[in-house]
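Novice: After the structure tokens below, expect a handful of questions from me.
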Amino acid sequence: MVSSTTSEVQPTMGVKIFSAGVSACLADIITFPLDTAKVRLQIQGEGQASSTIRYKGVLGTITTLAKTEGLPKLYSGLPAGIQRQISFASLRIGLYDTVQEYFSSGRETPASLGSKISAGLMTGGVAVFIGQPTEVVKVRMQAQSHLHGIKPRYTGTYNAYRVIATTESLSTLWKGTTPNLMRNVIINCTELVTYDLMKGALVNHHILADDVPCHLLSALVAGFCTTLLASPVDVVKTRFINSLPGQYPSVPSCAMTMYTKEGPAAFFKGFAPSFLRLGSWNVIMFVCFEQLKKELMKSRQTVDCTT
């Protein structure tokens, strides 16, 4: 990503969007059980989510879910997760370079920190509004329990879209847009800008070449910084999206209820699976993204040479 440090032909916007979407979907498939564990830990202690089963730690949560609800439960909501990455990650990551160039007006080499942050803000914000319905369905599918005696709210992904729209309202599919917007603005800026800066520093100071080890290390650093900053907003977003109608009058009310009933530590519930998930997700996505861009451009150049 993001600022090229080589003389290779630059990927087109279409190549970047396609590469981002494919890489994000692959990363989501591999790391989805960690995301499900994160959601369960985040809603633990909430009124409607309380049960006799307590989740402890990342592996403990995954093991408990597999034993009590079956292995498929770890991937409940995956179709919505894939839809989310297609509509969300492909735009926020794929358009980042193009928007960054727009803000720098092509005059800054390399682009300034302000241009990078502005690009992250814009692409993250636009992507949230487009992909929010998939986020709502994904979280609710991950949060609902299939334990004996508890009737699931939804029988499947598409049933969830229909039930939410008909029994609550169409606007409910955009429930939690405010905290999700805050979360993803933080994530997009921190993730992309940190990765961009880290990669640039490693390459420009000749510590690592612009290749897989550089991409891997940059992605890990970006994942940790992003998780640390986004965790409080992420927990509030998950609680608010998963809440029953009228449970929380507003996002601030949800945050205040968490603080008064569970204390400040509640805002960092699920931090370990969040970092494991986001760190591993970043590594898979960014490494695949970089390599896929290169291979697609090589293929395009080969086709151009033969025609």
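Cβ atoms are placed via backbone N, Cα and C, with glycine included.
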Novice: Identify the topological domain of S105 and of L292 in Swiss-Prot, and say whether both name the same side of the membrane.
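Specialist: Taking the topological domain names from Swiss-Prot at face value, S105 sits on the side where L292 is.
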Novice: Enter the number of other CB atoms within 10 angstroms of the CB of K269 (fatty acid 16:0 binding site).
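Specialist: The Cβ of K269 (fatty acid 16:0 binding site) has 25 Cβ neighbours within 10 Å.
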Novice: Cβ pairs under 8 Å with the transmembrane segment (179-195): which stretch of 11-32, 74-96, 117-133, 213-232, 267-289 has the most?
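Specialist: Per the Cβ under 8 Å count, 117-133.
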Novice: Count up the helix, strand and coil residues in the repeat 'Solcar 3' (210-295) according to DSSP, in that order.
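Specialist: Going through the repeat 'Solcar 3' (210-295) residue by residue, I get 73 helix, 0 strand, 13 coil.
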